[in-house]
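Novice: As annotated in TrEMBL:
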| type | residues | note |
| --- | --- | --- |
| TRANSMEM | 14-31 | transmembrane segment |
| TRANSMEM | 37-57 | transmembrane segment |
| TRANSMEM | 69-94 | transmembrane segment |
| TRANSMEM | 114-138 | transmembrane segment |
| TRANSMEM | 158-178 | transmembrane segment |
| TRANSMEM | 249-266 | transmembrane segment |
| TRANSMEM | 286-314 | transmembrane segment |
| TRANSMEM | 334-355 | transmembrane segment |
Amino acid sequence: MINSYGDRAHQEGIYRQIFLVFSMTCAMELVRYLHLIHYSGFVGAQFLNSILVFLILTRSENLLGNYRYAMLVFTLCSMLYSWVEILVQPVAHMKGSMFVVFMDSSILSLNNPLGQFLTCLHCVLSGFVASLLACQFIYRYIALCRTHLLTYLQDSKLWLIFIPSLFVFTVWHVGFFHGMPNTLEKQIYLHEELMTCFQVDSFVTPFVGPMYWSRDSNGDIHWKPFEVLAALSCSAVLVLFHSLQNTTYIGACFFTIIFCASRIFAKMRNSKHHFSAKTLDVNKQLFRMLCIQTVIPMITMYVPVALFVILPMFGKDIPYLGNLTSSSLAVYPLIEPIIAITCIASFRKVVIGLIQCPTRPSRRFIHIFPSSTSRYSGPHQ
């Protein structure tokens, strides 16, 4: 009997070692692919966003009016986010009551004093860039449904449209820089896990993430209200609790987007006989672009991020969800310019023309936009 128990324990130990080796191998391979996605996403994001910036500055004044500045800010911030990401090359992971985003950079050393700062900044910018999309919806809503308010957003006053994003940046900055500190308790808690899965030393590697609760020697749970508050404050700006039973989460920005999108759609449908064909077509293009820019990231990025944030509160995790989250965040700056260039017909024609005639600009693209269009007409906004 003793021998049988001993053999069983020995077999369980062997199986455990095999599982650890397998998990470590899978995790390391996934991280290699993740870094490949980081580099590919960075190169593609810088190239395509640079093209989009050129198109916004040179081909959109008569078509988009002041709205082009909202697009420009969103594009430049996406490029900045991509730079921070390639410097950090973040990897996300979940363990028990904690999720963590740690730096695994091949560019910066782990001892670099900027490591911890950039790791936190990467998380803050991800929320900030997402909020800028809601600001674009707000502008389109005002331009179509509350045109009398446009006078408050002309010229230097346009920055007022970005107040919600500045609020998001402030809340996320406080939450990640001050509400989720890199403490010795977290380093000890993560050390074995990160070393086993990623060969990463938590005592050296910069990381950020909340520990929602911990257990004492008796197994009792002790919540950490400040860290819970920091995580929920960041989430509440973008992610409002909708239904715990179905684990469905709708962001505050998405409530704004849904409200503005429904009003814009109704306005275009009810006023299609009052707009010129060109004005209606331009507004449809912009509406389509914003909807696609919302739906695709919501499925590929925001839902995984919401699960990544909320599941550790209940001590649950989904294997490799962190890698999916990191991959989605890496390709996000690459996807947005593709959507914009594809949906806006004038941008699309310019790019196609350059591809077809790279050595000689086509004459048909010289006068894309009519010069007689009024500055404050529908297409301008």
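Quick reminder: no glycine exception, Cβ is built from N, Cα and C everywhere.
TrEMBL: automatically predicted annotations, no manual curation.
Buried or exposed, and what's around them? Tell me for each listed feature.
Specialist: Beyond the ends of the transmembrane segment (69-94), by six or more residues, the same chain brings 31, 34-35, 38-39, 41-42, 45-46, 49-50, 52-53, 56-57, 60, 100-108, 115, 118-119, 121-122, 125-126, 128-129, 132-133, 135-136, 139, 158, 161-162, 193-194, 197-198, 308, 311-312, 317-318, 321-323, 325-326, 329-330, 332-333, 336-337, 340 to within a C-beta distance below 8 angstroms of the stretch.
Sequence-distant neighbours of the transmembrane segment (114-138) (same chain, 6+ residues past either end, Cβ-Cβ under 8 Å): 67, 70-71, 73-74, 77-78, 80-81, 84-85, 87-88, 90, 101-103, 105, 108, 161-162, 164-165, 168-169, 172-173, 176-177, 182, 206-208, 234, 237-238, 251, 253-254, 256-257, 260-261, 264, 290, 293-294, 297, 302, 305, 329, 332-333.
A Cβ distance under 8 Å defines the sequence-distant neighbours of the transmembrane segment (334-355), meaning residues of its chain 6+ beyond its ends; these are 40-41, 44-45, 48-49, 51-52, 55, 59-60, 63, 71, 74-75, 78, 281, 285-286, 288-289, 292-293, 296-297, 361-362, 364-365, 368-369.
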